[in-house]
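Here is what TrEMBL says about this protein:
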COMPBIAS  591-600  compositional bias 'Polar residues'
COMPBIAS  603-614  compositional bias 'Acidic residues'
COMPBIAS  615-635  compositional bias 'Basic and acidic residues'
TRANSMEM  108-125  transmembrane segment
TRANSMEM  164-186  transmembrane segment
TRANSMEM  192-214  transmembrane segment
TRANSMEM  323-342  transmembrane segment
TRANSMEM  362-385  transmembrane segment
TRANSMEM  406-429  transmembrane segment
TRANSMEM  482-503  transmembrane segment
TRANSMEM  523-543  transmembrane segment
Amino acid sequence: MMKFHKLLKLQPAPFFMLGLLISYNSMDNWLNSTMMDYLTESLNSERGSAMVRNMQDGLSCLFVVIAYLMSEAYTGSFTAISFCASASTMGSMLFWISSMSDREYFEYYMVTVAIALLTMGNIAGKCLSQDFFDSHLEETARAKKEELGQQCTNNNARLYGISFAWTISLFFCSFGAVFICSVVAGDNPWHGIRFVSPFMVGSYMLFYFGYAWYNHEDLLPESNVGKFCRVCKAAYRKRILAYLTTEDGYYWKNYKQGHLYEANHGQDRVVRLLPRVPRGFGWLEKAAIIDKKQTENDDVSPHMQETKGELCTVKQVREAKSIVLLLCWGFCLFPYSFVAASGNTFFVSQASSLKIFMLIDISYLFLLKTTMTGMVIPMLFLILEEPNVAKKISKIIIKFGANRKIIDSTTVNIGIGMFLAAICCVFAWSVENHILYSTGIMSTKALIPQFLLLGMAEGLVEGQDGLSRLFENYASESVRNFAEPFSNLVIGLGKLLSIPWFLIFDRWLYESNNTAGRHLDKYFLMLAILNIVSLIGFSFYYYMFVRDNEFPEDEERRRRRRRRRRKRRRRMEQILVDDGLESDFEEANGVEQNSATNQGPEVPEEDKEIEMEQISEHDHEIEPISEHATREEHLTTIFEGDSNLQNNGVLVVVVESNEA
């Protein structure tokens, strides 16, 4: 593995973006530490301040969706990031000016405008910048591999090393920035904006100076939301049409037919399009039904109907149904969103009621939570994705006879995150019981477990291997760039729904700093029970609709992958034949030697296709091999590119050949 400093040098694009990510993390930590106390003091109402804070968080997540849609179809990533960074910078400057103002009414209006600007720009800019940062890391890994040629035989290992190095750098720089902010703030956390605001201005200028080194992607002809709305509009117009009994009435348009299922509709047996969706959304597939009345009477071709927006292809309908399937699944995560919303509101109120222990105030508690979310959990997944570790895990899974696809691990991760959120509420309930009914003095040290658990839950559910990866696994490849907006849409809607949830249980919240009238212990206990129930519903939905309901892959991508795998096998066979090991290769892959006079039955082409489909979906891409490469380099590259060969004993053949 290369030295740490070699992985970071000569990479100007990530360097210019690093400061912006650090400033977003600092601003996020400062807002979480100070905003709840400021609103409670200004409004003199915990219920009102919690509602305002959750509205801010929920709208911030929804602005992420808007920013992504603008960037992919209208402006591009750089322009969208610049807009969000400008809004965040102006909001931070207004906070800075308000902290030095003596006029209360002037401060009130400036803080209101600053909150609105940060709502639009902070979370959206952070998500866009992180994706922009990750895409440039991948580009850097590919460029470095082309530069080194055969000295680097595994591009995934290179990408792993670069991601590992930059993740560590981002975390420690963010940690240092938050520490400096706390030192500058002193006893008044509000004064921390005097460091955060100038730092954000400087990092934005640094980001803009790196324009020449950034990659600017092409814009999409239509956004994913535009496609989805077009399908819904066409389906609504055809809602009176009957479902089809054969597949001939669907508008396939050069899309391979198949991936259907039969269902009962009244007394008829109809043919429906996969994927399956909950009842109430099946009418979406009517958008792909050709209206025979228009075709026969008005002589309007299906292509003309599509041009008018009255007809959609089967592929477009399946994309829309896959999004609906995942959105309905995301509704099970609303109770988790209530817990995440409580972390920025009621957990802060608890910290205000406790004695500070060894300088562990609310800012350090949020830093601890951010460490789990942004450092520990991502690093854990990076370690598990390291090529050597991934191979060992695959061997263990195969050894125990696991036949399920590895993509189900994302579902397990989210389920664990929901369970940790419930345990977090149990710890919060215990602390609140002590605050209300115990006469002893409790310090902020008691809040460490619940902040740790909340950080772990957020890392598992909202991290890159959480909802975003879930969307990528079960949605069509053409809409997978909607993964991050999908995650923020689910969490944002959940936080907005927490506002009427507060109104239902407003008797448990207090209206002043007097804790005698509140019963947050009951509220936390109810959230714990609700998360366990939602976890059961999440699992039930998976087994009912998602488990055996995979989206059919794009045909061209499937054909390319099959051709690549056949090339790997042919090259492996040729190299082993040259070394006189062809019989070992056939034996390792379960192929018996047949004489010329006694040939076994020919394997049908359909069985060959099924065999190719059973190869792991996580195979590496083929690495280009130089014509001057040695036999060992050929074997290494082919072996690393085909996990099916690894699982069938070819490794033994290669090792024996090298020893000989």
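Using N, Cα and C of the backbone, Cβ positions are placed for all residues, glycine too.
Proximity of distant same-chain residues to the transmembrane segment (482-503), defined by a Cβ-Cβ separation under 8 Å and at least 6 residues beyond the stretch ends, is recorded for 47, 50-51, 54-55, 57-62, 64-65, 68-69, 123, 127, 131, 224, 323, 326-327, 330-331, 333-338, 340-341, 462, 466-469, 471-472, 475, 509. A Cβ distance under 8 Å defines the sequence-distant neighbours of the transmembrane segment (192-214), meaning residues of its chain 6+ beyond its ends; these are 12-13, 15-17, 19-20, 22-23, 26-27, 30, 33-34, 78, 81-82, 85-86, 88-89, 92-93, 95-96, 99, 132, 136, 177, 180-182, 184-185, 363. Counting C-beta pairs under 8 angstroms (sequence separation of 6 or more), the transmembrane segment (323-342) reaches the transmembrane segment (406-429) with 3 or more such pairs. Between the transmembrane segment (406-429) and the stretches 108-125, 164-186, 362-385, 523-543, Cβ pairs under 8 Å are most numerous for 523-543.
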